[in-house]
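One structure is given here, and the rest of the page talks about it.
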C-alpha cells in the first residue's frame with residue numbers, strides 16, 4: 001500500500017490513477033478517499049487522479065494529534081512537495097473544502113491552478129446572522145456525545161442524510177466500514193474543529209478558477225449556500241445537481257464527471 005511519511009512521522013495513504021494534470025481529491029470529515037472511486041476510471045483517462053486519506057482517516061495513521069483544518073492543509077502542502085506536484089487542481093468535498101480554503105489562505109496559489117468545492121458552505125456553524133450552517137451548539141454537543149457513546153446509529157443516519165435517495169444496503173455497508181476505521185477520539189476532535197471553522201471573511205482571497213458543485217436536495221446545504229460562495233469568490237462557477245444531496249459525485253457520477261471535465265478542460269486550455 002502506498003504511503004507518504006510526513007515530517008512528524010505520520011503516514012498518509014494515497015493512490016494515483018492516470019497521468020497528466022494532477023487532481024487531488026480531499027474527502028470530508030469521518031470519510032476517506034475511497035468515496036471518490038466513481039471518478040477515477042473516467043477522469044484518469046486525461047488527468048492524474050489522486051486520492052489521499054487525511055491523517056486519522058481511512059488507511060492513514062490514526063495519530064491522536066494534529067486534527068485541525070489548518071494542520072490538514074499543512075499536510076497537503078507537505079504531500080504536494082514530496083510528490084513534486086505542480087499546477088494542481090484541489091477538489092474538496094464537505095470538510096475537504098475547508099482544507100482547500102485553508103491551504104490557499106496559508107500558502108497561496110503558487111502551485112494550484114484551480115479549486116473544486118463540493119457541497120460545503122463557508123462555515124458549518126450557525127453563527128448569528130448566518131443561515132447556511134447545519135450545526136447549532138446543541139446539535140454539535142449531541143453529535144459529539146453520540147460518537148463517544150453510541151456511534152453506529154449516528155453514523156447510519158449521517159450516511160442516509162448524505163443522499164437524496166436512500167443508498168443501497170451494499171453502499172451503506174462500505175461507507176460505514178470506512179467511517180468506523182476512525183477512532184472516536186479523532187472523530188469528535190475533528191468534528192468540533194471543522195464545525196467551528198469560518199471562512200466567510202477570506203473567500204475573496206481565492207484567486208484561482210473555482211467550480212462549485214451543490215446538490216439540490218438540501219439535507220445538508222441549500223443551493224443558496226452555493227450562491228453565497230459564487231457571490232464572494234471572484235472567479236467561481238456554480239453548478240447544481242437536481243438528484244443529489246451531499247454527494248453528487250456518488251449520486252450523479254456521470255453528470256458530475258462531465259461537469260468536472262468541462263471545467264478542467266476550460267481551465268487547462270486557458271493556462
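A Cβ is built for glycine as well, from the same backbone N, Cα and C atoms used for every other residue.
These numbers come from a predicted model, not from an experiment.
Around residue 94 (active site), a 10 Å sphere centred on its CB holds 25 further CB atoms from the protein chains shown. Here Swiss-Prot flags 94 (among others) as active site.
Every protein chain shown contributes to the tally, and the Cβ of residue 217 (active site) ends up with 22 other Cβ atoms within 10 Å. Marked as active site by Swiss-Prot: 217 (among others).
The Cβ neighbour count for residue 246 (active site), using a 10 Å radius and every protein chain shown, is 26. Swiss-Prot lists 246 (among others) with the feature active site.
Between the CA atoms of residue 94 (active site) and residue 246 (active site) there is a gap of 8 Å, rounded to the nearest whole number. Across the structure, residue 217 (active site) and residue 246 (active site) are spaced 8 Å apart at their Cα atoms.
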